[in-house]
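Asker: What follows is a structure written as structure tokens; I'll ask about it next.
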């Protein structure tokens, strides 16, 4: 069965196509993505109106590219992200998916963006044991308890202020490195000393929430360090600042993720979201999972960021479990809860 997925929750227009066999195994047939990231760069972050307009311009070309790569005229089912995400951006993708589903006379599946990140980390088709998912991006930093792909997830904790990816972007702007901050900070951090500056780790005291995150204090600490150096006329090592900041972020993320696994008895940690492409996060997560006897599953770098494959993968899993399609009247929900894998 051929399933096509459309992703448009933020600044990427993604169309992915997967082939679902009778055993539930998935084969990726196409992964086409158009990003409007450069359109947002001069604003230092994603502008919702610009993102929506970019989706409108990119949807048809990206769809054509995906169908061409997959070598098909039409799929057997169409899925789309209906939340969470930017309201206007979600509307573009969901509306397109409904139109294509109606024109092709195939079922439509309205699915959860966050569930897609979990599904794409388990593309091998093997049954997913009781797991914890750490989803880290510019808009989300969450720990989720996962019983199986396509089933409702339970939120164990989330950020109380800035998402991890958002903190990267803000620190990058502070250092004059531009937007987005994740890739450039990761690159510079490799040349710096992660122990050079003792930046704080938020919510790491015994009295703090075990599974929640906070990165606003870290962001402020970086700003104060830079301001103090400028007042003193000192030249800072941008590489050391990046390395020390990144170490603080990854230390907290991986420590709490492994602890969450231990707290709920999960033997697998799933890592997803754009920040999951970060080299230090992947490295430290692997080290700590190995030490704790936990299996780490991480998607390829390309599938960490938003894409249509993850939406197709989640819908395919729902189809394999016998779920019917969603109504074409289903609306989008920018604040869709993780407990809702599919909207009917």
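From the backbone N, Cα and C atoms, a Cβ is placed for every residue, glycine too.
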Asker: Which of these, 290, 306, does Swiss-Prot list as part of the Fe cation site with 113, 117?
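Answerer: Candidate in the recorded Fe cation site: 306.
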Asker: With 135, 136, 137, 138, 139, 169, 182, 186 listed by Swiss-Prot as binding substrate, identify the candidate in 112, 122, 278 belonging to that site.
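Answerer: Within the candidate list, Swiss-Prot flags 278.
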Asker: Cβ neighbours within 10 Å, counted over all protein chains: which one of the binding-site residues 139, 182 has the most?
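Answerer: Max Cβ neighbours within 10 Å, all protein chains included: 182.
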Asker: Once 113, 117, 306 are set aside, which residues in the chain still have Cβ within 8 Å of the Cβ centroid of the Fe cation site?
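Answerer: Leaving out the recorded residues gives 7, 9, 81, 114, 116, 135, 137, 272, 273, 307, 310, 311.
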